[in-house]
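Enquirer: I grabbed these lines from Swiss-Prot:
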- 6-144: domain 'DAC' (DOMAIN)
- 73, 91, 104, 105, 106, 107, 108: ATP binding site (BINDING)
């Protein structure tokens, strides 16, 4: 599984993506060029900073928020976004809280967000932008057309990266069946998989920002990546020295910086092959990835096969009688494994995806 990065801002963006009632209210204020300051949540920490204004406790409505924003003060909305608690309020945060924002509205918003850890939204009257604050995080909401253009560009980039990854993986598949895989081939495949997954993460952020306008981008993304992450994890499991630590290895690869990811030796170190020559070191696959592509073979049977034979090449060379003695494999399943591996080999030789 991918590491959850930026969860705070992701959860925040979900409640104000296009198509939501909150976003509609924000867009109305933006179009009217009145500016505004909105706090989400009416807990004690927030209400202690509120001075003046008037209590409403009225049902939330985008048009109500738009009308109330015409006044100078802040609007406080309940945590569940169902009630407008108060309007035209003056917010008095702790002045000792450091902020580098300019403009009274944005300085107040940043300080309130830091002080209460609530979501605070500042809508600029002159610059016509929506800025979201949550704790120390600041995020500028962009127009849907801008995000859509960037998402489409990212999808085009992803298509090229997936195409390169497929060529690398097909080459690796061929070498695995010939038992000629080098450390260079393995780390290149892992590097390319991680590059693809990082672009996927970026596109997922765009989809989150687009809300219901991001459905087509989401469909394109799902069609492009399919089982890439799963195969990447199995690839790591095939080649990392500590078989039980493959999930930790995957996490370490995700934590590599963009510069470190370009260094194949750095990836080899994470796999447990530090100091080994990338080109000269032959390395055999355990077989999790290829055996996982054989139809109707449970993961427990794959585990038993690898426990018995240690390497993929030993499984390929084993006859039906040798396969039959493995726990969970009868004669019928042994034949299915032999036939399945034969078909996969033929597909690889024909340069087809498996």
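Glycine is no exception: its Cβ is also placed from the backbone N, Cα and C atoms.
Describe each of these features in terms of where it is and what it packs against.
Expert: Taken together, the residues in the domain 'DAC' (6-144) have a mean pLDDT of 93 on the 0 to 100 scale.
Residue density at residue 106 (ATP binding site): 21 other Cβ atoms are found within 10 A of its Cβ, drawing on all protein chains shown.
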Enquirer: Could you tell me which three-state DSSP class residue 73 (ATP binding site) falls into?
Expert: coil
Enquirer: How far apart, in Å, are the two Cα atoms that lie farthest from each other among 73, 91, 104, 105, 106, 107, 108, the residues recorded as binding ATP?
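Expert: Maximum Cα-Cα distance: 14 Å.
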Enquirer: Given the ATP site residues 73, 91, 104, 105, 106, 107, 108, which other residues of that chain have a Cβ within 8 Å of the mean position of their Cβ atoms, reported in sequence order?
Expert: 37, 74, 103, 109, 122
Enquirer: For residue 104 (ATP binding site), what is the tally of other C-beta atoms lying within 10 angstroms of its C-beta?
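Expert: The answer is 10.
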Enquirer: What same-chain residues, at least 6 away in sequence, bring their CB to under 8 Å of the CB of residue 108 (ATP binding site)?
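Expert: In sequence order, the residues whose Cβ lies under 8 Å from that of residue 108 (ATP binding site) (at least 6 apart) are 37, 74, 91, 93, 122.
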